[in-house]
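Feature list (source: TrEMBL):
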- ASN9: active site (ACT_SITE)
- ASP198: active site (ACT_SITE)
- 296-306: compositional bias 'Basic and acidic residues' (COMPBIAS)
- 1-111: domain 'HotDog ACOT-type' (DOMAIN)
- 167-281: domain 'HotDog ACOT-type' (DOMAIN)
- 293-324: region 'Disordered' (REGION)
Amino acid sequence: RIMRPDDANVAGNVHGGTILKMIEEAGAIISTRHCNSQAGEPCVAALARVERTDFLSPVCIGEVANVSAEITYTSRHSVEVQVNVMSENILTGAKKVTNKATLWYVPLSLKNVNKVLEVPPIQYVRKEQEDEGKKRYEEQKLDRLETKQRNGDVIFPIINPEPHTVGYSQSSLIHLVGPSDCTLLGFVHGGVTMKLMDEVAGIVAARHCKTNIVTASVDAINFHEKIKKGSVITISGRMTFTSNKSMEIEVFVDADPFVDETRERYRAVSAFFTYVSLSKDGKPLPVPQLLTETEDEKRRFEEGKGRYLQTKAKRQAQLQQAAQ
């Protein structure tokens with residue numbers, strides 16, 4: 001579809017959350033279609049996880065985004081979907097790949113939202129494809145468990161924070177989950193949640209550097225639990241790490257299930273977003289150094305630095321491989 005002004009920021013760059021929402025919609029369609037391809041209980045595929053996603057190139061107002069999806073692996077209860085996004089300048093005909101993403105879905109019964117159904121297997125061209133897919137499946141399963149175990153943090157407001165501190169830029173957004181946010185089963189679309197997370201992360205980044213910012217990448221997004229219609233969700237974001245040209249922001253989503261009064265508030269989703277600061281000409285700008293004050297902030301900064309260096313090393317290895 002064509003990118004409209006309400007999809008973009010003031011500089012004309014399409015919000016990363018808008019692209020993430022389109023990616024998730026494509027994944028949900030193809031995985032739901034596949035899970036209903038054989039006789040059995042009708043179901044809807046629910047997003048469980050999004051692997052690290054790099055925003056290779058910004059998309060601008062007036063360009064056409066073409067989103068394509070392919071199922072690349074199935075386990076007994078989950079589906080792996082690879083999604084590519086290509087943008088096209090319809091005035092010049094120029095095309096470019098802007099995003100590549102891997103998503104995991106689980107099929108939930110239309111009759112019972114808590115029942116996970118079996119996934120019809122796909123046919124692999126080569127045995128190696130199945131083996132590689134199984135390896136990715138086991139890795140993401142382990143990472144989801146580790147992420148869930150460290151999800152106890154809460155963001156508290158800071159009174160009169162100093163510029164460039166964590167408290168100065170941290171932000172929260174409260175949203176009532178309505179019918180338009182939800183699937184047929186009455187829980188929130190993963191794409192809706194990701195769009196809100198990107199919005200909060202973008203506010204944190206803009207507050208920190210006071211310039212135009214764009215989403216550069218998103219670390220794995222883990223959907224720990226479903227969010228039901230009628231819940232009030234709080235999306236919170238805080239700066240964790242800055243390099244010379246990038247900012248890492250931790251974002252998590254907490255749900256208050258007001259419809260189900262027996263349930264307490266719970267952590268539903270978590271992820272790390274990375275942003276870059278851009279000049280009016282679209283060129284990267286230096287990012288102000290994050291000032292850490294508490295021991296927890298210093299620990300999170302070092303953890304973020306580790307993720308940054310690991311990603312940088314992987315990228316350099318990929319470039320060397322491509323050059324050979």
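Heads up, the Cβ atoms here are built off N, Cα and C, so glycines get one too.
Model, not experiment: these values are computed from the prediction.
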Its residues classified by DSSP, the region 'Disordered' (293-324) shows 29 helix, 0 strand, 3 coil
Ordered by sequence, the long-range same-chain Cβ contacts of ASN9 (active site) under 8 Å (at least 6 apart) are HIS15, GLY202, ASN212, ILE213, VAL214
Excluding its own, the Cβ atoms lying within 10 Å of the Cβ of ASP198 (active site) add up to 26
Please give the sequence-distant neighbours of the region 'Disordered' (293-324): residues at least 6 beyond its ends with Cβ less than 8 Å from one of its Cβ atoms.
-> 52, 165-167, 217, 219, 240-241, 243, 246, 248, 250, 272
Do you know the mean pLDDT across the domain 'HotDog ACOT-type' (167-281)?
-> 93
How does the domain 'HotDog ACOT-type' (1-111) divide up by DSSP, counting helix, then strand, then coil residues?
-> 23 helix, 52 strand, 36 coil
In the domain 'HotDog ACOT-type' (167-281), how many residues does DSSP assign to helix, to strand and to coil?
-> 26 helix, 54 strand, 35 coil
